[in-house]
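A.B. asks: What follows is a structure written as structure tokens; I'll ask about it next.
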Amino acid sequence: MNNTYNTKIYGQTYSYCWDDVCSIPSVEREYIEFSQSKIEFDLEILECPENYLNQAINESNIKICYEPKCDKGCNGGKCIKNNVCKCTSTFFKGKYCNEYYKLERIRGMDIAIRVVLLILIIISVMLIVLLLIYRKRPEIKGGGVKFLIIILVGTIFNYSYSYFITYERTLIKCYAIYTFKYIGFSLVFGSILIKSKRIYRIFKGSVKIDLRIKDINIIAFLGLLVLYKIIIIVIWAFNQSVTLQTNNVIDLTILSYTSYIAYLIRDVEKNFKEDLAATVYIYFIFEILSFIVNENLNGISILVQDLISSLSSIIYTTSVIINLFIKRFDILYIHYKINKKT
């Protein structure tokens, strides 16, 4: 072999063995050179295919043509060497593109959202106090004080959900985020569903009488809905293979059904109902938007997901505040001014 730098023989070069197989046992004796003890033959080295690599491996200076293989896969990345992945086309890093980058949050944006949310939470608390103060006024009493207080408590949970998603994730915060979101949805939209259903039964039912839903039934329904949400979160906490898709389907079903009821009572006089239809439709649209972004669009930055989820929650929860409470207290203020003049 004339060029020992660029070539290398693998296997046994003595006796009659190749790899781990020998045709005859090794024989030791004095070597006596004989004529024609060397041979020559032509060897053609083919070009390395384009989809293969032509480089040295295993700390050798001998180039080898081979197809790279990554035992654990590359999670969407490209296998560029044996068990080495290129992750530029993914949102991951590491040898196998299975490690997350540390999220760098936009601090100014997070602080701005938190300030807005703290103001909105204070407004919800103030509205609860005002409801208790003016609970005997017809403008307030007609909407069902218990209903309204439960909805306001739900808005605080919704705002808390938006508040917590502006922070870096930890396991505890992750559970807290879903807990606030699910309980807030149950209290706000569960109450709106019952309220819409009650109006439908009064004005659209076959019997035109006031079919009041007992308070105990309201509490029982909302309690069961909240309990169901908590059970889902507990199961998910202990078994990460369980997804939250079932809960999302149930939420979308409740949203769709409530939207349908709101459509049926759209022509009921405003004296007997709040602007529930607009509230329900806004809630429905932004909840669907948040669901699509978080569950069905892979590759979207978590910062974008958080921003859309936070703003969606702020918008549909604030629409509840405006349509069910601000307008109600505005009517109360107008009546107060009229009575003061007379």
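Just so it is clear, glycine is given a Cβ too, placed from its N, Cα and C backbone atoms.
According to TrEMBL:
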DOMAIN    109-236  domain 'G-protein coupled receptors family 3 profile'
TRANSMEM  111-133  transmembrane segment
TRANSMEM  145-163  transmembrane segment
TRANSMEM  175-194  transmembrane segment
TRANSMEM  215-238  transmembrane segment
TRANSMEM  244-264  transmembrane segment
TRANSMEM  276-293  transmembrane segment
TRANSMEM  299-326  transmembrane segment
A.B. asks: With Cβ-Cβ distances below 8 Å as the criterion, list the same-chain residues six or more beyond the ends of the transmembrane segment (276-293) that contact it, or say none.
C.D. replies: 185, 188-189, 192, 195-196, 199, 248, 251-252, 255-256, 258-259, 262-263, 265-266, 300, 304-305, 308-309, 312-313, 315-316, 319-320, 323-324
A.B. asks: Using DSSP, break the domain 'G-protein coupled receptors family 3 profile' (109-236) down into helix, strand and coil residues and give each count.
C.D. replies: 104 helix, 0 strand, 24 coil
